[in-house]
Amino acid sequence: MIVPVRCFSCGKVVGDKWESYLNLLQEDELDEGTALSRLGLKRYCCRRMILTHVDLIEKFLRYNPLEKRD
């Protein structure tokens, strides 16, 4: 859904790195580990926050509960 703002374990801010992470993966064609290292995420707890995030917001935006089905 929404990227967590802080790491659950250590409290470091990780929410501002999500867009940069996606850009590094797509435009620079880096692997996940290298991209996380370039973003300055050294601790495995912080790396976990980015690696395991599932971005579901686009699916929820398409859902309209007021729309009638035929």
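Indices start at 1 and increase along the chain as displayed.
Using N, Cα and C of the backbone, Cβ positions are placed for all residues, glycine too.
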Among Lys12, Lys59, residue with annotation ubiquitin cross-link (source: Swiss-Prot): Lys59
Neighbour-count leader, CB within 10 A, binding-site residues: Cys7, Cys10, Cys45, Cys46: Cys46
